[in-house]
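Only one structure is covered here, and it is reproduced in the block below.
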């Protein structure tokens, strides 16, 4: 019935109503019930008699007494008639449990006659049923239900934790449509617009409900639309029937998500083959379970009676109570109760606690302080259901979740859905007649987890085949997006643990270390060079050695020439010769070639110089021999870059990584810091064609076919290098971290899976799996797969040995001076024998103070 007809009905009722004498006391409460309230006289009497109601110590001497008026169905005409009759009989306040149309006219009676009215409608009603109160400071009608917009606010908070982009909304009355429209406005204001498909299911009987629901769902699927996200708003029969039809059309599976706003208790069917999870959002009441007999309006009725009892007691205590004439529905001035304004003010300012929690009305008379429970009901494929409360919501505290929405509460004896990205050797796939089969390093770990915790799993490859990064609109793609949308319970692949990912999902303990290196195509062997034997030493070193040979040769010649005990001062027989310059050069070169040399130095300054020269030769020969072996046998390849630093400093070789990967996000995040990573990011972004690839396979193909370096996970690159001997890995790892399995935030099974990984690491199982998947399958020898970086020895590295040689030269010169001084001393102090005609060279060498000969 249109709202405009309500004043007409009210006028008709005023003409028809007659005045009855007051037969009840001042504590009489008028109660208006329709058929759908399902509250019999016995239950009502027990309620007003305070049976099963806790004693709050605030009871009046005279108890409230109900005066009951029943109407058939949601009939506004009967409601206004009964409302007028009750007011004529002198009730102090009205209490109703009717449909929304009847509630509207009862509210009009209450506002017109200024008598307080506490409403507990059989379902949530639209905002329009609550009249304004422009002529009054407070409303006269107080609705125990919260304002309908509260549903939209709660749904907004819930959907902000999910990644929905489209939803199918099923409802059976227009109140639900208004809630959904408000929800879409709130999400749009949050910058998260949501597309919606609306399905209104009109029904009178459950037979009509089943037929209509089946037709609407089937028509939706025939149009090629297979929705994955649903919200149901309506009566309990609607929710129960929709769940049955969803199971029939395979819409209650792991891929779908359902939120049911539960105004009444819903009996969940237990004979379904479904494997999905349904989230129920219902008002929270104390001492109430899932019993189908727990009707929401009946529970609100208990709170309403308690509230009226307390309010009447407070009104009686604050003013002198005196019987008053009842208000009149006839023409003429109304006789309003003396205490109605006081009682109305007390109700408007009430702040008490009931079965529904806090009871406090806003300016329009709505009780928005109710608390809502969020319950996950898990279907276990003909094994019944399991329900767990995972959180709550209230207007003041907002959403409080103990576990994520649509998360398995436990994994034992459950079927988990696992999302993977194919990446050898972590996850590999082969096709069989019965479908794809996945295997690999991560699958072996997953098998061990399933064995320990007794769960089953179903693997599927992520549709976009990406690991997952955050997009510009705030959503995530790849396996991270699959976990966030609850399409997957676990992401079991080589997923790198990063700070950004850790903010939206939970990870197990790392099962393997992570680092980034670069892989190149092995260059061709260098062309053989006739002068390759000179490569171990730098040109400066060679020239310095040559200079040392001639320098030491000349010095040794001078020592022979001027030392009094050198070869020039000795007698020369037929078999003796003095050491001239060519002889000293021959001695120095022979020592350098490790072939000895003649003559033997028999004077101390020459021996000092020879000793230091031999030490010099020892170091030079050892260094040259070691480096020559490396140059000629280990590395014959001319590798253009040997580290990521070398890669960043050149522009000839293009380089890149996988698009939409964690590594790409790493370079992007460092692109404004300056330095090497910014230079690399700008180079990759500016490369044509693009330096980024869609997969590891594509990156490795570019490495083999182009002048391209691929930056990727060390573990993956080592596996590929062991299979393809034409590839080499260079550089030290950077951006180090770890791999882990991902799951929804707050998943209760994360710690169990982490403990499995720790036990596998402690027992050596992980190392055995590494050997199985990396080392055992290697087709390249260690020599072929190893790149040793060899560099020429420069003068700086050999400067020390040249310094030692110079020191030896200096010491030999000092020894020469001492020899000359000693010789002068001995020849001037010893008497000369005239008969002795020997030359000074033939004179025996003098003895040292300790008796040794000075030779």
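Quick reminder: no glycine exception, Cβ is built from N, Cα and C everywhere.
Please treat TrEMBL annotations as automatic predictions, because they have not gone through curation.
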- request: Could you check which of 806-830, 831-855 is flagged in TrEMBL as region 'Disordered'?
  value: 831-855
Message: As a test of the contact definition, list every same-chain residue at least 6 positions from residue 501 (L-glutamate binding site) whose Cβ is closer than 8 Å to its Cβ.
response: 468, 480, 495, 507, 662, 742
Other parts of the chain folded back onto the transmembrane segment (795-822), taken as Cβ under 8 Å at six or more residues beyond its ends: 537-538, 540-541, 544, 548, 551-552, 555, 559, 562-565, 603-606, 608-609, 611-613, 615-616, 619-620, 623, 846, 854
Message: If I restrict to non-local contacts, at least six residues apart, and a C-beta distance under 8 angstroms, what lies near residue 713 (L-glutamate binding site) in its own chain?
response: 494, 496, 514, 515, 516
